[in-house]
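As C-alpha cells, the structure follows; a few thoughts come after it.
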Amino acid sequence: MISFILRRILYTVPIMLGVSLVCFALVHISPGDPLVSILPPDASVELQQQMMAIYGFDRSYPEQFLRWLGRAVQGDLGNSIATGRPVASEVFNAVGNTLILAVTATIIGFTLGGLFGFVAGYFRDSWIDKLATAISVIGVSVPHYWLGMVMVIIFSVELRWLPATGAGPGGSSQWIWDWEHMQYLILPAITMSVIPMGIVARTVRALVADILQQEFVSGLRAKGLLDRGVLAHVIKNAAPTALAVMGLQLGYLLGGSILIETVFSWPGTGFLLGQAIFQRDLPLLQGTILVLAMFFVILNLLVDVAQTSLDPRLQRG
Amino acid sequence: MRNTLYRSSAIALMTAMLAAGPVWAEKTLTIGMTAADIPRTSGQPDQGFEGNRFTGIPMYDALTHWDLSSETEPSGIVPGLATAWAVNPDDTTKWTFTLREGVTFHDGSPFNAEAVVWNVQKVMDEAAPHFAPDQVGATKSRMPTLVSARAIDDLTVELTTTQPDSFLPLNMTMLLMASPTHWQSLYDAVDAAVTDPKERAAAAWSAFAFDPSGTGPFEGDLFVPRERFEMVKNENYWDPARTPTIDRVVLVPLPDSNARTAALLSGQVDWIEAPAPDAIPRIQAEGNVIYSNPQPHVWPWQLSFHEGSPWLDKRVRHAANLCVNREELQVLLGGYMGIPKGSVEPGHPWWGNPSFDIRYDPDAARALMTEAGFSTDNPVKVKVQTSASGSGQMQPVTMNEYVQQSLADCFFDVELDVLEWNTVFTNWRKGAADESARGAHAINVSFATMDPFFAMVRFVSTETFPPVSNNWGLFGNDEFDALIADARTSFADADRDAALARLHTRIVEEAPFVWIAHDVGPRAMSSKVGNVTQPKNWFIDIAPMTIEE
C-alpha cells in the first residue's frame, strides 16, 4: 500500500509540471494585451513598451515561463497587474471563501444525493423511486445561476429573509460561524449543491439497483442475512464508484463557480477567476488556474488512495 | 442626606454617560459599483472613471477640480488644491500653479509644493524612490505632455510640458495628491529583510492602499480586497461647502447588474450604478429614484479612411449620419440614451457652429447615396468591428443590430464583426490598416469627451495615427493639425475654447464618425439619499449628499 501511495505521488510530479506549462501557454496564446487592465487604450507606443519592460513581458516566452515557475515552486505567484497585490494571498483568501461555500454545498448535496439515490435504487420502479429520480433530474437540469437568481428574488427581494449578496456584514475577512454570517451562506450553498445532489443521486441509484440484482445479494439473503446486513454489503460495493464521482464533484465545487459566485458576489475562486479573465490579469489568471489544477491533482490522488483502501484489487492495476 | 444622594446619583450618571461617549446612529451610505473589484485606493484609481468617481475624488484632491455642482451646464474646471494658475509668457512650456494654504493630508502632514513635485514624480520619474509603475498607465496618458515639476517656494510650483499645451489645467484634474510623509512612514516600516528599493517601494504602495492618505473629504477606513472599502468623513476638510454630513461610505463591487438590482431592492445597498434596464420600473415602483444625465461620452462608429474604404466619400459618411433613427433607438433603450449632435453638444463651449446637422432624414440620406452611385440593387458594403460587451459600450449588439437595420433603408449592407471586448480594445490602437481590423471599415468603441485630447485631438491628428494613439481610421490632414496646434497654444480659456469650437465644427462637418448615442449614466438610489446632483459629467460629488437614518 505504501509503495502504491509513493508511486502515485511520484506520478503527480510530471502532471503538475505539465499543468503549469499548460496554464502558462493557455494564458499567453489567447489574444489581447496583457497590460490592458492598467494601460488605457490611448497609451502611446513608448508608454506601452516602457510598461512591457517593467512587467517583464518583453522577455521571451521560455524565459518568462522559467522565471514564473522558479518563483511558483517557492510559493511566490507574483503580483496581480491590476491590483498590485500578491497573487498568492489573493488566491488563498479566495480558496478559503470557496472552501466555506463548497464544504457547505457538499454536505447538503452529498447527503441529499446519497439519500435520494439509495432510496430510489432500493425501491426501484416504485413511486418513491420516481419521485427521487424526478428531483435528481431537476437538480441536474436546472441552470444553477437561474435558480440562484430566482431564490434571490423570493428570499431576498420579496420576503427579505436572507441577504442577496456578499460574504458577511463586514466582508469575508471577518467571517465567523454565527447566524449573522451564515445567513449570507444559505442561498449560494443551496444553489451550488443542486447539481452534485442530482449527479450523486443518479449514480447511487444506478449502483444500488445494479448491486441488488447481483447473485451475491441473493446468496446473502439465502443465507438468512437480514436487510440491514444486506444493505451494509450493498453500501460497501457501491462506495468506490460513488466515492470517485463524489471526488470529482468535490473538485468541481472547490474550483468555485464563476456564475454562482458572481450572482451572489461571493469572493471565492470562481469570482476571482472571472475577474482575472475579464481584466486579462495574467499573473492572477495563471496563479488561480495553477492552484485550482493542483487541487484537482491532489484530490484525485486522495480519491485514488481512498478507493484502493476500500478495494485492494485496484492496487494491482 | 437626600440632596447628597441625588447629587451623588446625578454625578455618577453623568460620569457614566461621559465614559460611554455620545450615542448616535452612524449615517452610512452603501454603494453597489459595477466594478468587479475595489478600484485602486492609493491615489490613481484604475477601473476607468468609476474608479475616480468612488476611490479617487472622495479621498483625494487634484490641483484643479471638475465643477460638479450643476445638472444643466457642462462641467468646467474650478480651483482645487491650486487657487490660481498661469502659463509663463516667455516660455509657454512652463506653468505656475499657486497652491492653497493651510491644507493638510489625512495623516496631518502639510500639503505644499514639495508634495506636488513628489506626486508628479510618482508617475513620471522612473528614478524616484517612490515611482509607482502600476499607477503610470492610468495617469500618464491623461496628461500626455507633462514631464516634470519644480517647487519654487512652499506654495508655488512650476510644471513643465514637452510642448506648449493649453489643455494642461484640464489634464491636472486627473493627478490626485497622495501624502509623501505617510508613504515614507510606510516605506520605513517595510520589513528590513526586503532590501531591493523597488520591492520596498512596491510594498509601501501596497500598504498605502490599505491605509491611504489624501486631502479629500473622506478618509479610508477599512479595505477588504474585492469585497468592500469603507471611508469615513474628514471633518477637517478645507472646503466647508464639501465637508460631508454622511459619516461613512461603503463601496461594494457588484459586477452583475441583476445582483446590484437585488441588493438595492432588498435594502442591502442605498445606491447602485447602472441598474438592469428592464428592472428600472420595478426599482421606481419601490420608491427608489433614478438619476441620469447625458454624459461626456460618445457611442460612435469610427470610420476608416484607409484605401478602399467606402467612407472616403463624404456623401456616404453624411448619409449614414442622416439615416440612423436615434429617437427610435432611444425608445429601444428605455429612454436611457442621449441623442448626439456631435462629439460635444450644442451649448458646450467647444460646440462651434457646424454647417452639417446630424439628424434623422432618410430621404436626404438616400439622395446622397444615389448621388454617390448606390441603390437598392447596388448597396454599399460596410463591415463594422464591435464587442459583445465592455466598459461604456452600453448594449453594443442590440444597438449595432438596430443601426444595421436602420441603415439598410439607405442602401447600406452592414456586416457586424463581433469580438471579445479586450480584443476590440487592443485592435483600436492598431488601426484600420492592420490585419487585426479583419477588413473592417469602421470600429465601434465608445469614448469619454471630458478633455480636448480625449474628445477630439486623438481622433483627427496625423500625429496620433496608430500605433501612437487612437486615430484608428487614419483621418487627418494639415488643416486639422493646424486647428489642433492653434487650440494647444491658445492659453486664455476663452481663446482655447474658441479654437476647440473651430476644431469641433470641422470634425462634425467632415464626419469621421457616425455619431449614434451618448450614455446618460443611469444610477438608482434609495429615496433616503438626498442632495444629489447628477452633473453632465462622468463623476458625481458624494461629499454634499445626505442620508436619512
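Note that the numbers count up from 1, one per residue, in the order the chain is shown.
Glycine too: its Cβ is placed from the backbone N, Cα and C atoms.
What TrEMBL lists as transmembrane segment is A:9-29, A:99-123, A:144-162, A:182-201, A:242-264, A:284-303. For A:95-307, the entry in TrEMBL reads domain 'ABC transmembrane type-1'.
Here the transmembrane segment (A:182-201) has Cβ contacts under 8 Å with residues 100-102, 104-106, 108-110, 112-114, 116-117, 120, 132-133, 135-142, 144-145, 147-148, 151-152, 155-156, 162-164, 166-169, 242, 245-246, 249-250, 252-253, 257, 260-261, 263-264, 266 of the same chain, all six or more residues outside its ends. Sequence-remote contacts of a segment are chain residues at least 6 beyond its ends whose Cβ falls under 8 Å from one of its Cβ atoms, and for the transmembrane segment (A:9-29) they are 61, 64-65, 68-69, 72, 282, 285-286, 289-290, 293-294, 297-298, 301. Same-chain neighbours of the transmembrane segment (A:99-123): 129, 132-133, 135-136, 139, 167, 175, 185, 188-190, 192-209, 212, 231, 242, 246, 249-250, 253-254, 256, 261, 266, 268, counting only residues six or more beyond its ends whose CB sits under 8 Å from a CB of the stretch.
Under 8 Å from some Cβ of the transmembrane segment (A:284-303) lie the Cβ atoms of residues 8-9, 12, 15-16, 19-20, 23-24, 26-27, 68, 72, 77-78, 80-82, 87-88, 90-92, 94-95, 243-244, 247, 250-251, 254-256, 269, 272-273, 275-277, all in the same chain and six or more residues away from its ends.
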